[in-house]
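> This is the structure I have questions about; it appears just below.
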Amino acid sequence: MPSRRFADGEVVMGRWPGSVLYYEVQVTSYDDVSHLYTVKYKDGTELALKESDIKSQSSFKQRKSQSSSSSPSRRSSSRSRSRSPGRPAKGRRRSSSQSREHKDDKKKIIQETSLILPVLALFKPSENNTKRYNGEPESTEKNATSCIILEQKLKPDLETERVLEHYSLRPRKEEKKKEEIYSEKKVFETIKTIERAQSKTKELEFGGRIGTFMLIFFLPATVFYLLLMCKQDDPSLLNFPPPLPTLESLWEARVFGVFLLWFFLQALFYLLPIGKVVEGLPLSSGRKLQYRINGLYAFVLTAAAIGTLLYFQFELQYLYDHFMQFAVSAAVFSVGLSIYLYIRSLKAPEEELAPSGNSGYLVYDFFIGHELNPRIGNFDLKYFCELRPGLIGWVVINLAMLLAEMKIHNQSMPSLSMILVNSFQLLYVVDALWNEEAVLTTMDITHDGFGFMLAFGDLVWVPFVYTLQAFYLVGHPTVISWPAAAAITILNCIGYYIFRSANSQKNNFRRNPADPKLAYLKFIPTATGKGLLITGWWGFVRHPNYLGDIIMALAWSLPCGFNHILPYFYVIYFICLLVHREARDEHHCKQKYGLAWERYCQRVPYRIFPYIY
C-alpha cells in the first residue's frame, strides 16, 4: 500500500480540475482506498485530487526565484538590442521577411480555400453537381459559387464545424477567442460535474437507509406508547403492552380541525410585519436568507388569545381529554408535510439541497430532509416549525394539564410539583423565543434539511413528549416538600445558567469575533477563518450547552418523584440525543477544522461531563 505524501492540515498547491493553474489549498483528509486527497481552497471549495495534481509550496517558490533571477538579464539584453546601431537594418530585413511570409500565408490560404470548396460540395449534392456529373461541364466561377451556396445551406456536425473554422478567412484572434470560450465551457462543465458528485451525502447517520426506515415507524410508536402508559393507573414498564384503544377512538375530525386552526394561527402571527429582519449565515452559494424575528410577539399574542378563551369559560381541559387524538392528528399532518417537502425538493436547485440529506436514497433523504431551506415566497417552513407551533404549543399543553389537575382532583390551586414543571419549562421556552436569533446558527438551520425528522420532531415530539411530566402528574399526583422544591429549583437554575451563558458566548463570538466585549476569550485560529474557543465554558468542556440541557432535564423530572421511571424517559432520551449530536459534531468539526480541532481536543479533553466524558 503506497504511503501518503502530504499530511492532514498541510498547505500545498493544488491543480484546479480541467486547467493548468495551481492554487494554495489545505489537505483535510486522505482516502486509502481511492488514494485521493480531499483539499480545501481558500474560498471554501472542497475537491478530491490525485497526488499527481498536488505539489509542495517549496517547489513553486524555487521556480519563482529562478524566473525572477533570470528576468533582469533578459530585460537588459532586450533593451541593449533596441539601442543597437544596427537595429534599423535588421528591422528592414525582418519586415521584408515578414512580407514574404505574409505572401506565402496568403497563397496557402487561397490554396486551402480552393481545396476545401470541392470537399464541401460533396456533403450535399445539388442540381449543378448532377449536371456536371452527367457530362455538362460548368465554369470554375459557377462551380465555386455553387460550393459557397452549399456551404451556407449546410448544417454541419461538430467535425464539419471544426473544418470550417480551420479554413475560415476570419481573423485568427477571433478564432482563438472562440477556442478559449469553448475551453472555458468544458472546464466549467467538468467543475460542475465534480461539485455535483462531491455534494452527495457520503456518510449516512441513524443507521443509514435501514435505520431511518425503521425510525419512521419507531418514533410515532414511541410517542403513542408513552401516552398510553401515562394513562394507566400503574405506569410500570412491567405492564407491557398497555391496553390498545380502538382505531375509532384515535381519530376525530373536530380535533384535527382544532390542530389545523392552531397551526395556521401561528403561521398568521409569523407573517405579521412586526419584529426586526436579520440575515442568516451564508449558504454554500454565498447568499444569505432573511428571517423576521417575532417569535416573542407570537407568544404574547397567543397568551392573549388563550386568556380570552378562558375568560369566556372555554374548557382548556379539552386538550387533556383528547390528548391522544391530538397526537395522532399532529402525526398525520407531519407525515403529509414531509411528503410535500420531499416532492418539492426534487425540483430544487443543487445549491439549495441539504448537505446531510442529499444521498440519492429516497427513504434516507425523506427522513433527513432533502432541501435545506424550503420556502413558500418569504415563508420559511423549517424556521417557522422550529419555534412556533410545537414550542409555543408545549406551554399551552402544560397549562391545560395544570387546569386538568385542579379540576380532576378538586383543588383550588395546582400542586407544587405541577407548578415547578410548568415554571421550569416556561422559562426554557421564553428563553428560546427571547434569543430567537441564536437559532439561525444551529445545525438544524445551517446543516440539516427539512424532512420527516424535523417535521415530526417539531410538531409531534416536542409538544407531546416534552409535556410528559405534566401529563404524568395529572393522573399520578406527587407531593414534595418545600426544601426538596428549593433544591430542585437551584439545580434547574444551575443548568439554565450553564446553558444560556455557554450559548451566548458561542453565538456572540460567531457573529462578531472582534467585539471588544469578547476580548477576554482566547481561541485557536483555523484554516476556515473561524476560531475555536478555549476559554470560558468552551474551555471547560467541548459542549457545555449540552451539559446545561441535561441538568435542566433532570430538574424537570424530579418533581414527579421516584415511584416510576416513566417521567425520567425524557432525561434518558435527552442524554442519548445529545451524545449522538456530540458525536456528529465531533466528526463534522474534525473534517472542517483538521489539525486545529486536534489541538482543541488536546486542550479541552472532556466532551460533555467534566472529568467523566
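Cβ atoms here come from the backbone N, Cα and C positions, even for glycine.
Just so you know, TrEMBL annotations are computer predictions that nobody has curated.
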> Suppose you had to name the range TrEMBL annotates as transmembrane segment; which of 410-431, 432-453, 520-541 would you pick?
520-541
> Averaging the per-residue pLDDT over the domain 'Tudor' (4-62), what integer do you get?
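So the average pLDDT across the domain 'Tudor' (4-62) works out to 82.
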> Do any residues, 6 or more residues outside the transmembrane segment (253-272), come within under 8 Å Cβ-to-Cβ of it, and if so which ones?
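Distant contacts of the transmembrane segment (253-272): 292, 294, 297-298, 301-302, 305, 322, 325-326, 329-330, 332-333, 379, 384, 388-389, 392-393, 459.
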> With a Cβ cut-off under 8 Å, give me the same-chain residues at least six positions beyond the ends of the transmembrane segment (454-474) that come close to it.
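Distal contacts: 219-220, 223, 226-227, 230, 235, 263, 320, 323, 326-327, 330-331, 333-335, 337-338, 341, 369, 382, 385-386, 389-391, 393-394, 397-398, 401-402, 404-405, 408, 415, 417-418, 421-422, 425, 444, 448, 556-557, 559-560, 564, 566-567, 569-570, 573.
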